[in-house]
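See below for the structure under consideration.
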Amino acid sequence: MKVAIANRQRRHPIGTPRLRKVAERILSALGYPDSELSVVITGDLGIRRVNREYLHKDRPTNVISFAMAEGEFGALNPAMLGDVIISADTAAREAEEGGVSFWSRLCFLLLHGILHITGYDHERSGEAEARRMEAKEREIFAILEREGLV
């Protein structure tokens with residue numbers, strides 16, 4: 001399992017080895033032990049650029065995922081799942097609004113992004129799929145909490 005993490009912001013301290021462990025545990029729980037994943041932590045400005053360029057939405061968001069399997073050459077390397085981009089700025093705001101720690105929110109957004117990459121969808125596939133994704137989020141987040149990763 002290979003998880004590459006790039007922290008491209010400095011405002012919010014993030015332990016990348018610790019975040020890598022969380023990503024590896026999520027992938028293991030989902031049955032992807034031999035996969036590869038790229039995670040980028042950025043600020044609102046960086047994620048806004050990505051959101052505008054690729055999704056045509058000119059605003060920051062919390063997490064954006066790009067699944068390699070959805071691309072034109074997805075079958076070339078099936079082990080490469082894709083990229084998860086998280087805004088630490090938005091995560092920090094959401095953590096404060098939700099009364100949870102920044103770390104907890106960051107890990108939840110990582111989980112949410114990985115679920116999208118592995119085929120879960122809450123936006124385009126209807127209520128049943130949204131409930132299935134939310135149930136999987138609760139299940140795996142509980143594992144992370146039990147194991148002291150969150």
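Keep in mind that glycine also has a Cβ here, set from the backbone N, Cα and C atoms.
Record features (Swiss-Prot):
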BINDING   H112, H116, H122  Zn(2+) binding site
_Residues that sit under 8 angstroms from H122 (Zn(2+) binding site) by C-beta distance, when 6+ apart in the chain_ = E129, A130, M133, E134
*When DSSP states are folded down to helix, strand and coil, where does H116 (Zn(2+) binding site) land?*
helix
*Shell of the Zn(2+) site beyond H112, H116, H122, same chain only (C-beta within 8 angstroms of their C-beta centre)*: V63, S65, G113, L115, Y120, D121, E123, M133, E137
*asked:* Can you tell me whether DSSP puts H122 (Zn(2+) binding site) in helix, strand or coil?
replied: coil
*Surrounding CB atoms that lie within 10 Å of the CB of H116 (Zn(2+) binding site), all protein chains*: 20
